[in-house]
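Undergrad: What Swiss-Prot lists as topological domain 'Cytoplasmic' is 1-54. Per Swiss-Prot, transmembrane segment is recorded for 55-75. Per Swiss-Prot, the feature topological domain 'Lumenal' maps to 76-266. Under the heading domain 'BRICHOS', Swiss-Prot lists 137-231. Taken from Swiss-Prot, the feature disulfide bond covers CYS164-CYS223, and the record attributes it to similarity to another entry. Swiss-Prot lists ASN170 with the feature N-linked glycosylation site, giving experimental evidence as the kind of evidence.
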Amino acid sequence: MVKVTFNSALAQKEAKKDEPKSGEEALIIPPDAVAVDCKDPDDVVPVGQRRAWCWCMCFGLAFMLAGVILGGAYLYKYFALQPDDVYYCGIKYIKDDVILNEPSADAPAALYQTIEENIKIFEEEEVEFISVPVPEFADSDPANIVHDFNKKLTAYLDLNLDKCYVIPLNTSIVMPPRNLLELLINIKAGTYLPQSYLIHEHMVITDRIENIDHLGFFIYRLCHDKETYKLQRRETIKGIQKREASNCFAIRHFENKFAVETLICS
C-alpha cells in the first residue's frame, strides 16, 4: 500500500503566489455586473437625431420670441399711440344757393352753414384723423377720415353704411399735418376767422379691396373688418355741382381753409 502525501511548504508557497501583492488592490467583480452599463439598442437615440431636435427647439423658441415682440409692438402702437394734438373746432362756409365773390366777415350769419369735427394730428407719422359727427344737415353723413401722407392715401369710413372707401391723397385740398396744425391753432386763438366757401369733389366707387394690409397701419385700423372699396375721382370744382345719380351720399368735412363736400356714388 502506497501513501501519497503533499509537501505543506510547497502548497503554502503556491497559495502565496496566487495572492495579490501587498502593494496591489484586488478588484472584485460581482457576477451580475457585466450587464449593468449595457442598454437596449432600440433605446439609444442617435447623436444626429438629438442634434436635430435641439435645432427644432431653438427655432421654435426664436419664432415664439419674434411673435411676442412683434405682437407687443403692434399692441403698443394700437393702444398706446396717441396723437400729438387733438382739436374740436368748426368752419363756416357759404351755402350753395348763395354766390359771393369772396367770403366776408361782414356777411349775414344766415348765409353760412357750419361744419364741426374732431381732428387728431399725428405729426411725426404725418397722419391726420378726422371724425365728423352726425351733422345738422340731413344730406350729409357722419364719417371718420384718415389722410396718410406717408402712404399718400385717404380713407373714408361712412358711419351710416359702415363701409370704407380709399383713394389717392389729394394734396391740393388736404393740408399737410404741420400746416393744418398751425391753422387750427390760429382758429383756436381767434386770429383766423373760419368763414369760407365749399368745394365739391365727385368720387365713383370702383373695385372692392380684399386685402387692406398694404394700406398702412392707420387705414388698416380704420377699415379693419369693413367692406373696403377703391374710389376714382372725377373732377373737383368750386361752387355748385348737380348730383347726377340718386345712388350717392355726401360727407362734408374740412382739412384746409375751405370746406369740402365729398360726393361718393356707385
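Glycine residues also receive a Cβ, built from the backbone N, Cα and C atoms like all the rest.
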Undergrad: DSSP three-state call for the residue listed as 'N-linked glycosylation site': helix, strand or coil?
TA: coil
Undergrad: Provide the number of Cβ atoms within 10 Å of the Cβ of CYS223 (disulfide bond), excluding the reference atom itself.
TA: 23
Undergrad: Could you break down the residues of the domain 'BRICHOS' (137-231) into DSSP helix, strand and coil, giving a count for each?
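TA: Within the domain 'BRICHOS' (137-231) the tally stands at 23 helix, 36 strand, 36 coil.
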Undergrad: Whole-number answer please: how many Å between the C-alpha atoms of CYS223 (disulfide bond) and the residue listed as 'N-linked glycosylation site'?
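TA: CYS223 (disulfide bond) and the residue listed as 'N-linked glycosylation site' have their Cα atoms 19 Å apart.
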Undergrad: If you count, for each of the recorded positions CYS164, ASN170, the other Cβ atoms lying within 10 Å of its Cβ, which residue has the minimum?
TA: ASN170
Undergrad: Limited to the domain 'BRICHOS' (137-231), I'd like the whole-number average of pLDDT.
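TA: Summing pLDDT over the domain 'BRICHOS' (137-231) and dividing by its length gives 91.
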Undergrad: Round to the nearest Å and give the CA-to-CA distance linking ASN170 (N-linked glycosylation site) with CYS164 (disulfide bond).
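TA: Just about 17 Å between their Cα atoms.
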